[in-house]
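Student: According to TrEMBL, the feature domain 'Aspartate/glutamate/uridylate kinase' maps to 7-216. Residues or ranges marked as ATP binding site by TrEMBL: Lys12, Leu13, Ser14, Gly15, Gly55, Arg59, Thr162, Tyr168, Asp171. Under the heading UMP binding site, TrEMBL lists Gly54, Asp74, Thr135, Gly136, Asn137, Pro138, Phe139, Phe140, Thr141, Thr142.
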Amino acid sequence: MTQPAYKRVLLKLSGEALMGDDSYGINRATIERMVADVSEVVKMGVELAIVIGGGNIFRGVAPGAQGMDRATADYMGMLATVMNSLALADAMRQFGMVARVMSAISIEQVVEPYVRPKALQYLEEGKVVIFAAGTGNPFFTTDTAAALRGSEIGAEVVLKATKVDGVYSADPNKDPTATRYASISFDDAISQHLQVMDATAFALCRDQKLPIRVFSIVKPGALSRIVMGEDEGTLVHV
Ligand SMILES: Nc1ncnc2c1ncn2[C@@H]1O[C@H](COP(=O)(O)OP(=O)(O)OP(=O)(O)O)[C@@H](O)[C@H]1O
Ligand SMILES: O=c1ccn([C@@H]2O[C@H](COP(=O)(O)O)[C@@H](O)[C@H]2O)c(=O)[nH]1
């Protein structure tokens with residue numbers, strides 16, 4: 001049987017995509033479909049860590065946060081990612097998977113704190129590790145948390161599962177003439193100000209030589225195909 005292309009991956013799941021067709025929150029069918037996709041990868045024997053966004057609940061730069069102290073709004077955003085992480089872990093439990101949530105912000109009655117050696121132990125045991133609360137710092141995003149945690153755990157790739165099927169020359173949701181790149185360098189993505197991920201995340205992955213693959217979370221089987229080494233979405237590379 002063909003082997004997976006990776007031993008350990010960091011999967012960044014879009015918080016916004018969790019809404020499905022709803023206008024807010026977590027859509028049950030959507031989270032169940034995500035979990036089914038993730039379970040395929042775990043069954044292949046790949047060690048999987050996940051960072052999930054919070055855009056379906058709260059974003060520090062959203063209109064709803066206007067007038068708020070930015071750091072306070074960002075902490076609210078980080079707490080939103082904790083809610084999504086708990087929902088994801090619970091959906092995994094119902095699917096028969098074993099997941100552990102580790103938070104960058106100390107809320108020990110709710111989730112265990114992020115401790116790198118413990119996270120590595122869980123991964124080696126085949127458990128899915130969900131990193132909640134982003135980096136634990138305001139003024140960052142969960143994309144940067146994915147780059148950071150991916151670097152810390154020695155992931156071979158960051159897989160960004162989002163609502164678009166790759167990196168485009170411009171935002172495809174705003175510019176219908178935008179074209180998709182099969183691959184693009186970190187330097188080009190940064191210099192062209194491509195907003196699919198923030199520049200901090202791109203820069204950290206570039207410096208750590210950690211490739212990113214951006215792909216559609218709604219395309220059936222895309223995650224498994226990528227893990228098996230197939231070409232899907234856009235590869236962002238050094
Ligand atoms: N050059 C580009 N190529 C592709 N998508 C782009 C580009 N510029 C902007 N985008 C937008 O970036 C979005 C994905 O990034 P965004 O951070 O908003 O979502 P996410 O990470 O999936 O969500 P969340 O922050 O909730 O986890 C796409 O939905 C797309 O509209
Ligand atoms: O390290 C981090 C991660 C996130 N935040 C705040 O949370 C929201 C939601 O995260 P998304 O990546 O946008 O899904 C983000 O807008 C920030 O307000 C943070 O401050 N630090």
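Any Cβ shown, glycine's included, is placed from N, Cα and C.
Curation does not apply to TrEMBL; its annotations are automatic.
Could you tell me the structural context for the features on the list?
Tutor: On the 0 to 100 pLDDT scale, the domain 'Aspartate/glutamate/uridylate kinase' (7-216) averages 97 in this prediction.
According to DSSP, Lys12 (ATP binding site) is assigned to a strand segment. Long-range neighbours of Lys12 (ATP binding site) (same chain, six or more residues apart, CB within less than 8 Å of its CB): Ile50, Val51, Ile52, Gly53, Thr142, Asp143, Ala146, Val158, Leu159, Lys160, Ala161, Thr162.
The Cβ neighbour count for Phe139 (UMP binding site), using a 10 Å radius and every protein chain shown, is 11.
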Student: Measure from each Cβ of the binding-site residues Lys12, Thr162, Asp171 to the atoms of ligand 2 and list the residues where some distance is under 6 Å.
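Tutor: Near the molecule: none at all.
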Student: Check each residue in the chain of Asp171 (ATP binding site) that is at least six apart in sequence and keep those whose C-beta is under 8 Å from its C-beta; list them in sequence order.
Tutor: Ala178, Gln195, Val196
Student: Determine which residues of the same chain, besides Gly54, Asp74, Thr135, Gly136, Asn137, Pro138, Phe139, Phe140, Thr141, Thr142, have their CB within 8 A of the center of the CB atoms at the recorded UMP site, and list them by sequence.
Tutor: Gly60, Gly77, Met78, Gly134, Thr144, Ala145
Student: For Phe139 (UMP binding site), which DSSP three-state class applies?
Tutor: coil
Student: Can you grab the distance from Gly55 (ATP binding site) over to Thr141 (UMP binding site)? Cα atoms, rounded to a whole Å.
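Tutor: Cα to Cα, Gly55 (ATP binding site) and Thr141 (UMP binding site) are separated by 10 Å.
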